[in-house]
Each structure stands twice: as structure tokens, then as C-alpha cells.
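Feature annotations, courtesy of TrEMBL:
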{"type": "DOMAIN", "residues": "10-126", "note": "domain 'Response regulatory'"}
{"type": "MOD_RES", "residues": "ASP59", "note": "4-aspartylphosphate"}
{"type": "DOMAIN", "residues": "169-307", "note": "domain 'GGDEF'"}
Amino acid sequence: MMTANEGIPVVLIVDDVPTNIKVLANALRHEYRVKVASRGEDALRGARLEPQPDLILLDVMMPEMDGYEVCRRLKSDPVTEFIPVIFITARDTDEDQELGFNLGCVDYITKPFSLPIAKARIRTHLRLKRQTDALERLSHIDQLTGLANRRQLVTTFGMEFKRAAREGLPLSVLIVDIDHFKDYNDHYGHGAGDVCLCQVALSLMKSLSRPGDLVTRYGGEEFVVLLPATNRADAYALGERLRENILQLNIPHAFSSSAPVVSVSIGGTTADTLIDADSPESLLERADKMLYRAKEMGRNRTVFTTT
Ligand code: GH3
Ligand code: MG
């Protein structure tokens, strides 16, 4: 949707002290569109409402909901998770900063701050955000993990589907989903969750050997693996290998009921010969049903369609 403000960055300032808001807002309003909030709840609402902020300046110490909690909630909501957050705080011990970075903030500005330096940092992060957004629109690569993204999957899946139909070859699809990943994030922090996602992605990539195999980040903590010219038995064996290699990473997950370490569940399907009713979507749907079954059966396993 085009708005009159298209192109002008939007900054959300969150602070319970009105004078603090005023100082920052006055310094920024000539360059940016400024939104303000004086409570955590309002900040969360303001982050979701159009025009969504391109950057959030977040005070740490606030009554009711503090800045850390606001950040935690922003990062676990798909609508707001990619908005960069800068903490503004008088608490500047290493522990405080580490906590903030682990919650997914991009920077810290400690009070009392110099306005020109704060403005320079804000400008830098807004520029990075704009570049990232532009790349994301063009890219076929997932920003976090470096894997192919969903856009790439759609293209490649379409091509491989046609090829398999033309040549009468089997085509297998796996959906890999991390077990109890919400609990992982909640207990170890969103930053640690991101590191975990990258490790899992790398493991998947390293576990595949054929040039035609494709592993993609399908969304969140879900990966889709496309295996051209691979029959059911081989695809199942490969699924098990992927799963075991991820267990071998030995990433502690004390809050999972399926294993003491990070594990995945895998749903898979194979089309031996594609029929008219098949489509990339229908294969994904079948694999997804099997994933659901794998979760239901206790997770940390691979479940395949039988025919
Ligand atoms: P299940 O075993 O049934 O799959 O449970 P789950 O907790 O893994 O599944 P659920 O769908 O409830 O939660 C997925 C979590 O993945 C929630 C979300 O915050 C997290 N997540 C999604 N994308 C990212 C990301 O890019 N980084 C981080 N750190 N977490 C993410
Ligand atoms: Mg999951």
C-alpha cells in the first residue's frame, strides 16, 4: 500500500518518561516520521500498526512491562520480529548488554547519551534496515541461514516437478521441523534460537550429497528438502540421516520432552510416478500431514506416506 510517507523512515520511541521522549522526538522529527509510546503494551500495538516502524528505540526500565519483555514479545511475533530494536538505558553492565543482544536487539545506547552520536547510530541502523529490506525483496536466499528461501523452492520445485513427470522419475519431499523450538527460544533467548537455526541449517546442507538435492528454509523453524530422482526407501533413509546428524550436533535443550538435545521431526512423501492430480502443493501437503503425525507420535522421528 502506498502512503504519503512512503520512503520516509518511521521510528518508534518507547519511554515512560515524557521528557525523554520529547528530547529524542525533537531531535528526530525533521528526518523521520516519529511515533511514540509510554507503555510496553502501547509499544507492542504501535509496532504492529501501519505505518510499521523501521526502527524501535526502547527504554529498558519501565513500570509494568520492561523493555526486555517488550523486545521478547516483538521478536516472537512474526509481524514485528524483523523490526530492529535499539535499547536506550542507563544500565550498561556487560550482563545487561549481553541479555539485550541475546533478546535480538541490534544496538545499545547508554544514558546519558550525546544526541549527535545517538542520531548517527540511528541513521546507520535505518540504512541497514533499508538495504536488508531491498535485498529481501530480490533475494532467493534466506537472510539468517544462507539457505535457499521459499521463493527459490517454488521455482525449483516447479522445474523438478515437470522434469520428474516428463522423465517418469520419482520425486521425494521432506519437511523438517525443530521440536519444541518455542520452548528453546523462551528459555535460551531469541539470539540463541537464531544460532541454533543456523547450526541446523548447516547440518542439513552438509548431509545432502547429490547436486540436484535442494534444502530450503521454508519459514520459521521449518525446512523443506527436495530430492529429485529419489525413491521412497532412499528418501526415508536420508531423512533418518538428517535427523541423526542434527542430534549429533548435541545442542542442549533442557526443555524438550522428546530428547535432551535439539531434535527434529520429519514428514516425507514420494511420488513414484506423478499423476495428474499431483502438484508441488499436493506433495507438500502430504509431507506436512506426515510431519503432523511424527509430532503426534512423540517427535524426533521420520514418518513417510506409505504409498
Ligand atoms: P513443535 O515441536 O510442535 O514443532 O513445537 P514448536 O515449539 O517447535 O512449534 P511452534 O510452531 O509452536 O513454535 C515455533 C517457534 O519458532 C516459535 C517462533 O518464535 C520460533 N521461530 C520462528 N522463526 C524464528 C527465527 O527466525 N528465530 C528464532 N530464534 N526463532 C524463530
Ligand atoms: Mg517446531
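Just so you know, glycine gets a Cβ as well, placed from its N, Cα and C.
Secondary structure at the residue listed as '4-aspartylphosphate', as computed by DSSP, is strand.
Computed over the domain 'GGDEF' (169-307), the whole-number mean pLDDT of the model equals 95.
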